[in-house]
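If you look up TrEMBL, you'll see B:31-51, B:116-134, B:141-159, B:165-186, B:198-218, B:250-268, B:298-315, B:370-395 marked as transmembrane segment.
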Amino acid sequence: MSTTTVEAPTEVAAPEPFWTRQRRFGVALVLLGALAAVVFGSLAPSKDARFTLTQEAEGAALSINGQFGAVLFGVLTLLAGGLLVAGLLKRWSNALLVIGIVTFVLSFLCWQVAGQFMSLEDTLSGTMDLALPLVLGALAGVLGERSGVVNVAIEGQFLMGAFAGALIGTMAGSVWAGLISAAVGGVIIAAILAVLSIRYLVDQTVVGIVLNLFALGITGFLYERLMQPDAAKYNAPPQMPTWKIPGLADIPVLGPVFFDATLLLWIALVLVLVIHFALNRTRWGLRTRAVGEHPTAADTVGIRVRGLRYLNVLLGGVVAGLGGAYFTLVATGSFTKNMTAGAGFIALAALIFGRYTPFGAFGAALFFGFAQKLAFYLSAINSPVPNQFLSMLPYLATIIAVAGLVGRVRAPAADGLPYIKS
Amino acid sequence: MTAETATEKEPVEKETFLNVFLRNLWSSNSVTVTALSIVLAVIIGAVLIVVSDSAVLAKFSYFTARPGDALDASWTLISSAYADLVKGALGDPQAFSDWMSGAGTWQNAFAPLSETLTYAAPLVFTGLAVSLAFRGGLFNIGAQGQAVLGCVAAGVAGFTFGLPIVLNLIVALIAGALGGALWGFLPGLLKARTGAHEVITTIMLNYTAGLFLAWLVIQQGIQQPGRSDAISKVVAESAQLPSFGGVLRVHLGIVLAVLTTAGVAWLLNRSAFGFELRAVGSNPHAARTAGISVAKTYTLLMAIAGALAGLGGATQVLGTAYALTPSVAGNIGFDGLLVALLGRNRPWGTLLAALLFGALRAGGNRMQSFTGISLELVTVLQALIVIFIAAPALVKAIFRLRAARAAGLGVSPAKG
């Protein structure tokens, strides 16, 4: 979606060049750090916050006094912000930013976990579980949007994929048939999106939104007509097996999450690398980017703009469909109506927050997954912090990112514009 | 459209009247395409009904031997489903004759119509919220979030202030409008000040609003005393939109909706701001050159659109739901999007589209309980209608292939 600027591009927060991006980040971090040190520090009980390595409450753990930790990490956030504001260590400004954010989160955790325990393995695996469909959905978005087709139908592709995976998986009695049909389910929605927006020049956002409702309706309809009356026959798909890699799976924390996992996790991780490489290093990638930025120029040098867009949107359908498979073939054992519950839109948020790049989308998906996992954790330990506000984090972060309050996101120039060959 | 037909008919004499009439009907896009889209959606819906019915499907297994069985069963199923849809939306002839003969009450005869209007009322508001913004060149996907905030503000005002009758209702409605306006103002301001695309910001604000509502209804002072589930206190009776009561759920909201439609039509076509927003909508650069502040227009426009959607939420709470729950706004915002598209972003068109959607929804309820066809079919029908409307060339391609080439927005793609 092209972020057309209205009036003169007003960098509201930065009237003078003194306020560089780093300095603004710095000020934000200083404020956050002060908040963390004072508020979190004073609220935190002076008990140990234990971060256990395994799932159990006992055993090896990183432990710190909650109050001390909250203050310490808050001060560290403040320091990182101070360095940014002062303009010191300019070469490390991105690292400082990351340190600032991480220490802020740690300060928050010290406050919340004090007197309790938090399993690092459980947190990481929960984060990966929640992030997995987001990664795949966001990658589908990358494929489409980098070639200039806005895809707000990720949610619909998820639903279709989840539904097709459950239905065919059950009928064929094979999880692999389910996985393939989930991809086909995603492709069906992608194909409608592609034909309507590329061939019939319908507004891409309109098509996407309507397709979401279409997918919601048709999966809900067939669910109530087929799956609900006879769940055993239509809605009991076999689950994806977890494969354990001997040796590697014994690494603490990381091992059980990454090396005792389903194929889908590995597919997602590999796809991040493959799509990143392909976009930046192959002929297809160069052409995709050219078509997304300046289709007329691309056409002039003989690239088939529409053909490439069809290809990319359909490939995106495959990827998003696989993301849908996660819901029925990995996370739960059956399809339910509207089971994706907005995950497709968080994937869209991850895509935008990740600046339309595979690595960025992956990072954003992990961040959003972590925020959600944290929300579950907080409600499980009856934290006074309402988990709904943590669940809002992905959406708010995306708004802040597109508004350019902290580093503007730039969409591909021709994103959302149909190409009409003159 | 009829005027066009009449004027263009005269100069051509060689062709037969029927030919000319059909050609003109064909070229007048909106009515024909709308009608054909509805027909197509109904046909696809019929296919879905048959395909998802195992009893009928079983008869298709011996289709070659006795095709009559399968066709008969399909026809029975489809016709009874759609008959229930119509009866649930407009009225059951049986109920009318009962009323005439004195066996039934007039309330029962008009109950379906009342349901249609009840479902249509909030959709008119959310539809207007989307279509007005559209005319200013903004795609307001945030009607859902704005409606949610409208629900929240109207609901809270409705059970908090305890004002006298009439006044309480007015205050609650205004609160709803303000709540929605705030949620529309934010993306408008961001668009005007930073260029943040409203599609993205409003999508994100939709979910933020939903989560906020989910949090709010379980807070002390909001949650209904004595309840452990997520439901708020009940709106004071003086703040509820008056209705007939009993089976006739239709309330004052539909009257307000019609008045608001007239207001929006006036705003759009007769007021200075309407002129500005249409100018900005058709070409922001030209509008800026002409001295119109695009930023101000965007901000104000989104605030007004938000207020409209907020009113939609308010009618939902004050007219039918009477208490806040996490799903109180239902899907009215997203449905409003479809309604606006179907109404071609014109105020009165939006009103008609909302009535159609309300009718489908009301009929769908009856279809679900009488024929056992899931209400979701209505969602499918609605989405299909709008998909076809959005792609007129596709509809024409389906009904007559050669016309599609000519109608394809003047585009002849190089590749097939």
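The backbone N, Cα and C atoms fix where each Cβ goes, and this holds for glycine too.
Residues 29, 33-34, 36-38, 40-42, 44-45, 48-49, 77, 80-81, 84, 88, 335, 338, 341-342, 344, 357, 360-361, 363-364, 404, 407-409 of the same chain, all 6+ positions outside the transmembrane segment (B:370-395), place their C-beta atoms under 8 angstroms from a C-beta of that stretch.
Segment contact is absent for the transmembrane segment (B:250-268) and the transmembrane segment (B:141-159), given fewer than three CB pairs below 8 angstroms at sequence separation of 6 or more. Beyond its flanks by at least six residues, the transmembrane segment (B:141-159) meets 122, 125-126, 129-130, 168, 171-173, 175-184, 187, 198-199, 201-203, 205-210, 212-213, 216, 222, 232-236, 239-240, 305-306, 309-314, 316-318, 321, 323-324, 328-329, 331-334, 336-337 of its own chain at Cβ-Cβ distances under 8 Å. Sequence-distant contacts of the transmembrane segment (B:298-315), counting only residues of its own chain at least 6 positions beyond either end whose CB sits under 8 Å from a CB of the stretch, comprise 121-126, 128-130, 132-133, 136, 138, 140, 142-144, 146-154, 172-173, 175-185, 187-189, 191-192, 198, 241, 251, 253, 256-257, 260, 264, 267, 273, 277, 280, 328-329, 332-333, 336.
Long-range Cβ contacts of the transmembrane segment (B:116-134) within its own chain (Cβ-Cβ under 8 Å, at least 6 residues beyond either end) map to 89-90, 140, 143-144, 146-147, 180, 184, 249-251, 253-254, 256-258, 260-261, 264, 267-268, 277, 281, 301-302, 304-306, 308-309, 311-313, 315-316, 319-320, 332-333, 335-337, 339-341, 343, 345-347, 349-351, 353-355, 357-359, 361-363.
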